[in-house]
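Feature annotations, reproduced from TrEMBL:
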ACT_SITE  207  active site, charge relay system
ACT_SITE  345  active site, charge relay system
ACT_SITE  376  active site, charge relay system
DOMAIN    127-382  domain 'AB hydrolase-1'
């Protein structure tokens, strides 16, 4: 009799288990998608100055909420994965001309040149010189989307193709792009300056490209001539500090490290004959043993230590990372500098963000922009599920460049007025 009274309660128990399971799944979804995270304007770190006040007035995106897609946009991992897998949505196909430059060591640098498709807002000739992320080039979708938008805003664009990154361009020297080598970027900039003597430059770097452009500007004061401003997006500033965080499983960085290392291995091995073959010009300390180690490498650090650092003769990985990072060059940049990172970028550890923060607190020409969301080079926008073709990042870079152009034109007009008044006196 007692057993018969207890059996009706079993379905209720099962319903309770189902409810708990559903609640657990919903909890995991909310946590993974970071749905409880608020939307807010980006955090801005800067010194109060006339330039900063002008930028805040002229760049609405700096003070406006960045609103990512509702369902998944607050997850830095999904933003990063979509950038890595898709690049962008409905990416355009801007038409450009490929240029070839022979370097002193026999390497062939290439870049793609895109002419403006409308008049610039100040009516001047302005060229964006763009350095993409690691192993990227002008054919990547996020680059094509940005170039198309810049062209429509009156900018000529020159996009560097990292040495060895284009699958249809063979290496002509036993050397590939490295973390901080500025030779190819410098050659592209010099070509633009010589070919277009009236143009002014806006320097743009994405991820690893951000490190290269900042290092290039800081290496020599002459490199900043005719440069209006520089924008760096999602770089880590110091490879030496970043290497430890890349071996941690926090935010899945070790997994991202493995994926990027696997991609780098494929690119290096595609040039195996030039880099490791019987070539008199190849680095003397690059051997068949390094090729064997490359096959078993599971991290970027192993690849950098066994292969990349040897292209430039560095004696150790520490020396390579110290010399190739822009950290020691940032304070030598005197043109307006915009440093953009995302707080949820899974590749850039939060400890690295102290570098741009400290610089922005000391230098009037530097502003650090830190939105809560965006991942690594994601920054997708959209209402609920589907992202828009143009990202917050694309709009911000162009909006900032437009504001700096207006700022420089206003200063020039004021200077001309002062000279005219002085001449009349």
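We count from 1, first residue shown onward.
Glycine residues also receive a Cβ, built from the backbone N, Cα and C atoms like all the rest.
Location within the structure of each feature annotated in TrEMBL.
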{"residue": "207", "record": "active site, charge relay system", "Cβ neighbours (10 Å)": "23"}
{"residue": "345", "record": "active site, charge relay system", "Cβ neighbours (10 Å)": "25"}
{"residue": "376", "record": "active site, charge relay system", "Cβ neighbours (10 Å)": "26"}
Between residue 376 (active site, charge relay system) and residue 207 (active site, charge relay system): CA-CA distance (Å): 8
